[in-house]
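As annotated by Swiss-Prot, ATP binding site applies to 31-38, 639-646. Feature annotation from Swiss-Prot assigns domain 'ABC transporter 1' to 309-586; the stated evidence is sequence analysis. The annotation domain 'ABC transporter 2' is assigned in Swiss-Prot to 606-936 on the grounds of sequence analysis. Per Swiss-Prot, zinc finger is recorded for 252-279, 739-765, and the stated evidence type is sequence analysis.
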Amino acid sequence: MDKIEVRGARTHNLKNINLTIPRDKLIVITGLSGSGKSSLAFDTLYAEGQRRYVESLSAYARQFLSLMEKPDVDHIEGLSPAISIEQKSTSHNPRSTVGTITEVYDYLRLLYARVGEPRCPEHQVPLKAQTISQMVDKVLELPEGSKMMLLATIVKERKGEHVKTLENLAAQGFIRARIDGETCDLTDPPKLELHKKHTIEVIVDRFKVRSDLQQRLAESFETALELSGGIVVVAPMEGDGEEQIFSANFACPHCGYSMRELEPRLFSFNNPAGACPTCDGLGVQQYFDPDRVIQDANLSLAQGAIRGWDQKNFYYFQMLTALAEHYDFDVHTPFNKLSKKIQEIILHGSGRTEIEFKYINDRGDIRLKKHPFEGILHNLERRYRDTESNSVREELAKYISNKPCSSCDGTRLKIEARNVFINDTALPTIVELSIADALTFFQELKLEGQRAQIAEKVMKEINDRLQFLVNVGLNYLNLSRSAETLSGGEAQRIRLASQIGAGLVGVMYVLDEPSIGLHQRDNERLLQTLTHLRNLGNTVLVVEHDEDAIRMADHVIDIGPGAGVHGGMVVAEGNVEEIIANPNSLTGQYLSGVKKIAVPEQRTPKDAKKTVELKGAVGNNLKNVDLSIPVGLFTCVTGVSGSGKSTLINDTFFKIAHTALNGATTATPAPYRSIQGLEHFDKVIDIDQSPIGRTPRSNPATYTGIFTPIRELFAGTQESRSRGYQPGRFSFNVRGGRCEACQGDGVIKVEMHFLPDVYVPCDVCKGKRYNRETLEVRYKGKTIDEVLDMTVEDAREFFDPVPVIARKLQTLMDVGLSYIRLGQSATTLSGGEAQRVKLARELSKRDTGKTLYILDEPTTGLHFHDIQQLLSVLHRLRDHGNTVVVIEHNLDVIKTADWIIDLGPEGGQGGGLIIAEGTPEDVAQIEASHTARFLKPLLN
C-alpha cells in the first residue's frame, strides 16, 4: 500500500472530494484561509487515523482517551496511526517547562543522580563517606569529660504508631531511645499518634569523653551504623550543645552536613524530595504588590489613591481617618507627598502600636476599640486567604505579583539539589543556559573513568534532544522557560522536536503551519527536520502557506477555489511544477509570479516631530533598548525568533500604552526607564490570535455586535409588535424565545461512554435554536434562524438598506471573511479567522484617526491572496492617520511597510538590541541584519 485513498470526504465545507495521497512523502496542503485545508488534514485524515487506532483498544482503555468524531467520509484506505502537532499553546501548568516537555530535564536528573558530586552548601567541600576510625577521632576531639550519647536513627519523619519497631529495639537489649526529641525508657515507651510524623533514635551508648575510649566507641559506631543504615548522631546528654552527624554515606567533615544517596527525584521540582519547601517548586512567591494596590499616588487617600479605601467605602475609610488622627497626617494630602514612614504604616501596618478606632454600626451607635492597624497589604492577604467567594478572590488577585522565591532564588530546587555539581556546574546553572549553549556544554563535557562510562548513554539522549531543538529553530530558549510563556509556534516546534526524538517509523504526522513565528533564516532548518521525519519512513502532512515549504514538498494539494462555501474542492494537486502550470490554482499564480504582492510605489514619509519614544527597556533579554515608533505610519517589527520582539512590543510598549490610554489597572509592563509621545493617541488596540469565545454560543454576529441591531429589527416588525416581543425574545441565550429543549444550542449532547460524545440536532426545534412562535416572525421573508445561517456575503446584500449592520458586515468582507456564517460557532474558527474577526470589530468602530493598533503575526493561517486583502485593510487604517505596529516574519508584509525596526542580531541572550531601523530600502543595506539578507532580493 503506497498511497492513501480518500473517497467522498464531506467534513465541514469539503464538497465530496476524492483524493489519492502518496505515502511516506512530504505533502503540503495549501489554499485560502477557510478553504477546508484543516478540515481535510485534521478533521478527516487525522481524525480517522486516530479513531481507528483508539477503536482497536479495549473499552476500558478507551474511556481515558478523548475520541475524535467520526468524519463524514465514504471511505479511507491506507491510513497509518496518526499524530497531530497543532498550534494550540501547550499546558497552562506553571510546573511545565521547556525541559520537562522535551524530557531533557528527566535525563539531566538521571545524569546528576549518577555522576554528580554533592557538596556542603556552607563550606563547598565535596561530601565524602567517613570511615569508623575518622568518626572515632572526631568524637575524641570533644572536650575531656563531656557527657555524650551515641544515637542510631531508626525512623525519620514517618507516620505511624511504630509499636513493632519499639518492641524489636527492646528485644535487642536496648534500654533507652529518643523519640521526637524526648528521651524515654524502652520498657515503657509512650503511645505515638498514628497520623503524626515521628522520629525514633535508639541510644546505643552513653559515655564521658576520655582518650582510652577508642575500642568501645568503634564497637558502638559499628552497631549504630548497622542499625541506622549509615548515619549516626552524637549528642550531648545535658544542655543545648551542638549535635554531630556522622555518615558512612556522604557528609561534610567541617559541619557534619550530610545527605542521603543521590537519586533522580532529588532533582525534581515536582516531587517533595526535591522541590524547594518555601515555594513548593514553583520558583516564585506571590505577594500583594504595592505598585498595583496604589492606584494613583498623585491622588489623596480621600480621593482614592488606594482603590476600595476612599471616602465611598465608609468602613475602611474611617480606619484611615483614625490612623491619620493618631499619626497626625491629612487624608487629603496626595499619597506621594506623605512621608515614607506614614506610607509604610498605611501599607504594612502599625506593628504593636495600638490605635483607637471608632466603629459605627447601622443604627449609628459608636463603639471605640483599641488595637494595632494591620496594614492594607496584610488586610488584602487575609481577605484573599479567608474568602470562600471566587469573585472576591478574582478581584483581589488583580493586586498580586510574582517575585522569585527568596529561598531558592527562583531555581525551584531544595538546597541539597542545588549543591550537586558535575565539573563545577550545578543543575540550575545548566537549565538557565540557552539550548544552544547547553548543547555546547555537553558536547565539550569531559568525564573521567567510571563516571564517563556511566554517563555515556544519558549524555547521548541529552545531546540528541538538544540538537533537535536547535534544528527546529529554538536555540534561543532555555530549559527553565515556563511552558505558559511560549507562543503557539514555539510550542508546536517543541512538540515536533519531541516527536523526532521518539524516532517512530510508519506514522502519519499532521502539522499545522510549523513555520509560524519563524524567521526566514530558521525556516531552512525546520524544512530539513520535516524531510528527516519523512526519510525515517513517515507520511508528513503539513498545512502550510510558506513558499519555501510548498516548493520543497513531494506533493502539493491546493484546496479552493475560494473560502468557506466557495471552497472545499481540490483545485490542483501534484508536484510544484504541476501546480504552477494549472491555470485554476491561485497558489500556482502566486508561485509563478503572475500574481504578486507589489512593493508600494511610495512610502508614507516619517514626521520627525511625531514619534513615540520608549527609553531603557530591559525586560527578558532586552539590553537597555530605546525604541522610536513613527506616528501615523505602518511599522513592522522584525528579527529572528527570540530576539525580543514580543517582549519589546507586547510586554513593554503595549502594556504601558494600555495602562495610559485605556486605563488598564492590571497590565504590568516589563521594566523600562521612560516613555514620551503617547499624547498622539486616544486608544490602543491589541489584536491577537486568541479565540473570540470558548463556547459554541459565541459567534461572529455576537462578537462584532451585529446581532443586537438584527434582534432590534426583528422586534420592530409588525408581527413582533402585535405580539409584544422585545429584542430579548430573539436571543438564544435567555429564556423566552429560545427552544428550551436544547436551551438554544440547537444540538443535544449525548454522552456515549467509551465512544465520542454525540451531538444530535434537537428534535423539538430541528437545530434552529428558537421555539415555533419566535420563528413565525419574519423580516423581509426570513426568520431569525435563516439570518444566522447566512454567510457574511449574503447578509451584506440582505441588510444593505440598514447602514449600522451593513457597515460591520462590509468590514468582515474587507478582512476576507465573506464566507463565514453569522451564527457559526466561535469554536470552529481558526486562529487566523478569529484574529480577523477581531480586526473587523475594531475597524467597524468609529475611526478617530488617532488609534494605535498592535498586531502580533497577523499573517498566521493566511494565503498569499488573504495577505493581499489584510494589507489593504492595514494600509487603509494608516491612511486615516492611525498608527499600525505589526510583529511579523512574512516578507510580503515587511516589504510593504513604511518603517522597519529590526531586532537581533540573534535570539535569546544573543539578541535584545535594535540593529536596524528605517525604510525597507534602508534596512536592506545593513550587513548585520538577517532580515536584510532576505528582504534585499524582493525590493529590486
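Cβ atoms are placed via backbone N, Cα and C, with glycine included.
Structural mapping of features recorded in Swiss-Prot.
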{"residue": "G31", "record": "ATP binding site", "DSSP class": "strand"}
{"residue": "K37", "record": "ATP binding site", "DSSP class": "helix"}
{"residue": "G639", "record": "ATP binding site", "DSSP class": "strand"}
{"residue": "K645", "record": "ATP binding site", "DSSP class": "helix"}
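When each of the binding-site residues K37, K645 is scored by how many other Cβ atoms sit within 10 Å of its Cβ, K645 comes out lowest. Beyond its flanks by at least six residues, the zinc finger (739-765) meets 59, 62-63, 66-70, 696-697, 731-733, 771-772 of its own chain at Cβ-Cβ distances under 8 Å.
Break the zinc finger (252-279) down by DSSP state and the numbers are 4 helix, 3 strand, 21 coil. Across the zinc finger (739-765), DSSP assigns 0 helix, 8 strand, 19 coil. There are 28 other CB atoms within 10 A of the CB of S33 (ATP binding site), with all protein chains counted. Cβ neighbour count for S643 (ATP binding site) (all protein chains, 10 Å cutoff from its Cβ): 30. By neighbour count, meaning other C-beta atoms within 10 Å, the densest spot among the binding-site residues S35, S641 is S35. Its Cβ taken as reference, G31 (ATP binding site) is surrounded by 29 other Cβ atoms within 10 Å in the chains shown. For G639 (ATP binding site), the same-chain residues lying six or more positions away in sequence with a CB closer than 8 A to its CB are H519, K645, D902, L903, G904, G911, H930, T931.
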